[in-house]
Amino acid sequence: MASKGWQHPYVNIFKHVKVEDWKRSAKQGGVSTYTDKRLKCSVFRIRGPVPANSYILVPKNSNQSLGLVGRYFYLLFRPAPGKYFVAHLDVSVEEGQVVRISFSNMFKEFKSTATSLQFPFLCGAAKDSVYESTAKSARHGLVGPAPASVRWTCLMLDLQCTLSVYLNRCHSQLKSVKLCANMAVKNMLTSDLLLDPGVSFSEAKRMGLASSKGTGPMPRDMSYPVPKGVSWHDLYDYTRFPSEGTKLPFDSIQKGHLELEANCVSDQRSPTREESSCANLSQPVQDRVSQQITAPKPLLRNRTPVVTDLPDLGVVSAQQSDDWLSHNGDQHQRESTSSSSQPFTSSPPWDTDDGGVHVHVHPEDGFSQREEESEEEFVCTPVPHPVHLSLSKEPRQEKLLPDPILRLNRIIGFGGATTKCALWSKSGDAVVYPCHAIIVSMKISSKQQRFFIGHTDKVSALAFNGNTTLLASAQTGNHSVVRVWNYHKGNCLAMFRIHAHSLSSLSFSYGGGTLCGVGRDSHSKTMVVVWNTSNVSKGGEVTILAKAHTDVDVLTMKVAFFDDTRMVSCGRDNIRLWRVRNGTLRSCPVNLGEYHSMDFTDVAFEEGNSSNQHLDERTLFASSRSGYIFEIDYSSVVIRNVRRLLPAQQQPANRREKSTFKTGPGIAINSISVSSSFCSTGSEDGFLRLWPLDFSTIFLEAEHEGPVSLVSVSSDSLRVLAASSTGSLGFLDVSSRGYNTLMRSHTDTVLGFSVDGVRRHLTTASSDGTLRIWNMDSLHQLYDFVSEDSPSSVAFHPSEQVFSCGFSSGIVRVFDISSAKMLAEHKQHRGEVVGLAFSPDGEFMYSAGSRGSLALYNASEEDHNVIRVVCNVLARGTERAPDALTVSSDSRCVAFIGPSEYIVTIADSESLDELLHVDVSILDVQSPRLDSALRVCFSPASTEHLLVATSANKILWVSTKTGRLLREVSKVHKHQCSSLAVSEDSRFLLTAGHNAVKVWDYNMQLDVSSQMFIGHSQPIRQVSFTPDQLGVVSVGDAIFLWDFLAHPGAPLKDSRSPVRLSYISTPIPAQPYVSGVQLSNGMPRQTAPLPSSPPSRLDISTLDQVEQGALDSLSICDDSPTIPTATVAGSGPSSDPRPAVSFLQVTELVNTSPMNTSHMNTVELKGKKPVHPDCYIHFIPRFKTSTLDQAAVAPQPGEEGIKLKAVIGYNGNGRGNMVWSPDQGLFAYSCGCVVVVEHLHTGSQRHLQGHIEEISCLAVTNDATMVASAAGGSNGSKSLICIWDVQNGTCRNTISYHGGAVQTLAFSRDDRFFLATGDFSDPEVALWSSYTFKLLSSVRVSGPIHDAAFSPSTASQLACVGRQGAYFCLIHTHGSDVDLKVQKVKAPVEVGDAELTALCYHVDSFLFTATNRGHVCFWDVNTQRCLMTWEADEGEIGVLLCRGNRLLTGSNTRWLRLWDVAALQGVKPQEKYCNKEDSGAMVVLEQEIMLDGSTISAAFDNTMDMGIVGTTAGTLWYINWSDGGSIRLVSGHKTKVNDVAFSADERHFATCSEDGSVRVWSVPGNELVVQFQVLSQACGCVCWSPSSHKESACVAAGYSDGTLRIFRLSSSEMEMKLHPHRVAVTAMQYSAHGHVILSAGKNGLIAVSSPVNGATIRVINDHKGAPITTIQCVNEQCKRFGLEGNEMWLAASADRRVSVWAADWLRDKCKLFDWLTFPAPAYFGEDRPPPSLAAFCPADPSLVVYTGYGVEKELSFYSLTKKQMMKKIALPDWATCFSLSCKSQLIAVGSKERVVKLIKSTSGRFQDFLQHSDSLQACRFSPSGTLLFTVAFNEILLWEVRGL
């Protein structure tokens, strides 16, 4: 059986193994034979209650193999009606691994592992049966038991294609088959032929089907009998996989379209069998994205191609192209240079079943297929006047040549997911590092790169074995994949997945037999996995040796080089030794003693000379983030030595003396690497240091621009590799002490680029805020421009060494590289610069702004004067950046999109006068959506052609003279086209869509007119040809440089020549820039100064302090000659520590160009302003007059002077702004612009901060891993939706879509979809993908929407309610396209003129809705009929919640009611109940409870026994229906909080508000202790008595009626009421010793009252007429001021006067000490002037700090002793409140601009905090200075003070 020829044309498997004898096959359980009436022959029946217990197994023994190599597997069977079945196929792949392919109607979804594939099988039904018609409409009901009318089925599995596409494997042979109950089986066969069971032998002969052509009819002994005159397909089912059937949203096996499947073989005129390295992919399989199948549109077969004459463009084919995917093991590449290679098989043009995707790579590069979403094929739309062409019998397919036409040459980039991965090869001549999803191997001498491609997400870990023959890599993401590569050959040897969210570390054993990985499991626990990789290089499997889950934090883990079973790891608070023994993974910790609370960063072994060195001599080194280096004895597991790296102290003469041990803050060490002779460390201060192993001195160090994240010593110890977190990679040559930079990279997305073709320079702009210039040949970074103003677009001058850059602020700057100076700076745009271009002749420059302006500059002059600025001519927005405009090759015309997104405008390049308007939205009248333009591009060789990319994935060829549509190409990319370029000779078109680049035949005259190339892991932002036409550049996650292999004279069509040419581009050598200039290239220092007196044991290293230069400067990097630094835009030093802010002068143009007059001010003419609905449940943002300070900058994480500790309160103004997941324990709510995630048992909080406006609503996924929050936009911007990762508290994504506020948010049951609805001003329902958060569909309705919800059982159903009634929505998925079908049904007449305000689903097909008049309606979802209504409340019901048969209603009457609705399931559709008597028999009110406000949110468990309810009073209640109890969980103020005060012992704090309430809270639990309520009065101020005893502690509050009330905390009662004022009390304070209470009224009178008897002792009227804003008392002996008294107090009034007094209240003495008056100009503002505030300095009461309205915005420090102003601190905004800390000389200042500013009074250093959504009205430090309260309206934030 050595030859496989016996298996042709097919193998009858039952006959081959003689299944009836059961010698080579086995049966188990209920296996029998019977004669089937339909087939009229004997068949096997497999029955049993458990499918796995009844089966037929072929062959019998597992050590045997069928050895069947046929590509197609056919199974003739019939599933048992009403039962489940399972089938397993064990298939061997070329690598020797066995893969099990299973299919069953039990499987609900597709599942995939490295060794198994599980496909759901969707059973078909008899034609025209009830089941078949039901299945078409109810798609979700298909999966399950077979229907009663299930038919005999012929199932064909394409094993080669299935393995190739789903597992990236090549099919070798079928090993075994196991058929399990319940089914009937006729036979099985394998074949290389595509057999059609519906074609007889005679029909096949007539049709010309033959085995020589790869197809044929089903053999007679295997076919189903068909009576004469009956079609085979009317009796049986033919199921092909992969097939062209309509698919569910997961991979499945099912019956296809009858019209397609019946003729799928007969229509193949001459199918040819491919080589084993090729796989034909059907369209559904190609459209997979991570185990998803989209539904391709059915294509008509055998249609005559139609082409049409187009003006000046020749003939265009109307057919789709067929792409091919070549498989060669794990590599997918094109052999373009071999003349003897087998040509790819071609199909006729009308056969589109095998369209696919190109994956092109140079043969040496070893590309692996990326699991990317494949592209849809393009369609050239025929235009009128069709011409019919006769078809030859054997048509040839002409395709784009050369193939491939692009070859990836080099990548500029490093990192992506991590910068801690870089490896040396064994020889030390190459470095391997990740660049996003690609692994790069770079030769350090020539900079030549090799690529390892196959990962679908960013690479997070790399590892080499000892001799660097095996390379292991892991990718980040929820589905971590590990790949093992043959490093020298570049092919992937194995790929396997682990159930981890991410892999952070990999380590190979020295021999390569063991691989260790560290990641996180689904519960966020650390998971350590050890694999056996000993057989991977021989084609063997990778198996798991051991696996462990632990709560111990593991940051990195390494396998010991002397023992494959031993590992060492480190992480937070631990260093552990691991060992694999008997299949288990065990560990023991190192006893760290006093160092147990440290964050360890890296571990390394001391490498001995022999691997046989005894364990007792092994030494382990570990580094920590606090600067410690530990030397650990491996055998005894104890610490030998501990050393610490500390910063340098200031010493004279630049001496670097070492500090004492354990003193000062240490320098974080991020990485450590040890060789046999020295140790290297990389630290946070940017230094790479080399130490002897005794750490006696530093003998070499190199400084980097950022923290060093990785160090690695080469195997020969001659070089040390270093990587920094700023994206640089280089190595230090130890012998020569020279440093070589290998790679620099942007640290964020590259937004755009431009190429200088003369000097081969490339300039790029990035989201990291930098502008960089690169040498395209050496990949060196030549220049780096950094500014606080982020660059957005760049453009090189066509001939001069000049480039321009547009910034996000609207500034355009022009730089001269040769002189290193800025030539010009223009501020003509108010928004971001989205387009920048020079005319090809170099005479003009153009810039486009995001707010519609277009500017023309004179580029022939050095200062680039502005010639003209035209406003409102471009479509607004930034989505068209960075190439929003294009200039024709003859420099005569400029084209852009505008004034609207539907219009393309062509203007004169010298005057910007409009020449032509083209409306792209009217070109396709049949489209349901308006098509908008995305990109425009002139054709260089033909200036009469303008190419337009549209939102409908089309490219339009438009005449620049007439505006006529010349040609149209559809389905250019799967996603929208993001960039467009045409070659100089106009023979090639270049497009970018999502992560793919496509090269097209410009004339579209070929059958295969495009080739697609992948490699980017993020969307491509821009792509273009290089000026020499020898290359292509694409940017996005990194910078990709491609070789363009099409020779200028090469033919485009496949001429079938046996010789295939390969063209290699020759780079132009870079020209030297400057000669004779000394180099100062900013590299790390080559030598390090040695200490003058090195100590015997060095524990501390000192560092020099380096002054950082200005931000806005042009600096020279890498190996380029030095050019003097040019200072740009005020880069000099400034006394103001804030970053420089540029302001634009706005000039309104009265007489603008005629092209924009018709498009201005048209929005205001459309209808009336929407009116807020009369429903309390509809969200109304609280009215605010404050705006956020745009110049404020939040501090870097980890550097904050104050940290948010707690949020006090809950926003009762929100709607649905609380979520609770009882199963996962997630409890979250909003307060202001902060989302609070609280632990219910401990009360601890985490805070999600990202909004700047009030949050309106929240939503949580069903697995509680993500929370969505929505808040309104500021300054007219759109609302912002943030998607939060609950586990780590980070924002995963943001969505800005709705014009008004967001009313509701919801996730579907399967968390696949995400729904957002706008408020009354923008009533739009938007459906998003929860995976990509891209907009899938949106529907605008006519009236406000109040509530929306997904069906709990069906993810494709949802409903909304609003003013117009109920909206029943159904989600239709067509591939990647999602449509939202909406059916509106008016409210039932029984409820009258009412609005539907809330809804919830009940079981599967019923819906409850509520009205604003208290009715509840019960609907049948299927019929969309209201079955019953009843009056559940007297007011408006705003919340409905249903769990099982219990319904919860919450209303504005404050009643919360629980109803039993079990009887409603018996309501018949034809019956309707609408009165109380009828409904009383159906629904029962179980319980009710009255709360403190209207219900706005609710969440309960699955049984509705307990839950949490939020009210408008700002309270969150815990409700327990079983015992009828209610507990306040969170309580906050409903109205404005006026004051907050700490008690003297800091155990309590008090707050007061406009609603007359005084609340006392406990510290640190922040729980409400007691509330004192005074009705009809506002409480304006509050203070504590100075006593720290709990029994005597009192709280005093001042009210709007002029009264003071004193409350005793111990008794929780009011102790005294005083009435010293006739007007509202504005300020009050106990005296320093508590003898009196000082209070001030709005009229300026200050009353001194006794807290003992309530008498008014005296009245001070010095401030009469001006409201008092501040009163403060301090304990200070006044003798040093020459006055009598033991305390001082001050009062500040609104007229900017401050009085300071000395007092002794027991002796009834109070004397004016000083009187301060601060001048100010007249105030003309519409609101009140800023308040006058004053306070004693805590450190020195003789200093008074004042701020208020004046000449300048400042804090003034006045000395009472010197009687003069001592210091002033400038403020950017007027202060509304401030507080001084007794600790660290800190001042907290609040402003109307919502900023809390923390200032160091000694140095002026400050930080801004933007966590409030409104203006600040109070801030208070605690008496100890450790805590800080800030208040904005009713938002109370408690901060922990860390200091600056």
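Counting starts with 1 at the first residue shown.
Glycine is treated like the rest: Cβ placed from N, Cα and C.
Here is what TrEMBL says about this protein:
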- 1-121: domain 'CFA20' (DOMAIN)
- 265-306: region 'Disordered' (REGION)
- 277-294: compositional bias 'Polar residues' (COMPBIAS)
- 324-377: region 'Disordered' (REGION)
- 336-349: compositional bias 'Low complexity' (COMPBIAS)
- 355-371: compositional bias 'Basic and acidic residues' (COMPBIAS)
- 743-784: repeat 'WD' (REPEAT)
- 754-1043: domain 'WDR90/POC16 second beta-propeller' (DOMAIN)
- 826-858: repeat 'WD' (REPEAT)
- 1530-1571: repeat 'WD' (REPEAT)
- 1536-1842: domain 'WDR90 4th beta-propeller' (DOMAIN)
- Query: What mean pLDDT does the predicted model reach across the repeat 'WD' (743-784)?
  - Reply: 90
- Long-range CB partners for the repeat 'WD' (1530-1571) (under 8 A, at least six residues beyond its ends), listed in sequence order, are 1206, 1208-1212, 1229, 1231, 1238, 1243, 1493, 1512-1516, 1577-1588, 1590, 1593, 1595, 1597, 1599, 1605, 1607, 1609, 1612, 1817-1818, 1820, 1822-1824, 1827, 1829, 1831, 1833-1836, 1838
- Sequence-remote contacts (6 or more beyond its ends) of the repeat 'WD' (826-858), Cβ cut-off under 8 Å? 792-800, 804-814, 864-878, 880-891, 894, 896, 898-899, 907, 909-912, 1142, 1144-1146, 1156
- Task: By DSSP assignment, list the helix, strand and coil residue numbers for the repeat 'WD' (826-858), in that order.
- Result: 0 helix, 18 strand, 15 coil
- Query: Can you count helix, strand and coil residues in the domain 'CFA20' (1-121) using DSSP?
  - Reply: 14 helix, 56 strand, 51 coil
- Item | For the repeat 'WD' (1530-1571), the number of residues DSSP places in helix, strand and coil | 0 helix, 24 strand, 18 coil
- Can you tell me how the residues of the repeat 'WD' (743-784) break down into helix, strand and coil by DSSP? 0 helix, 24 strand, 18 coil
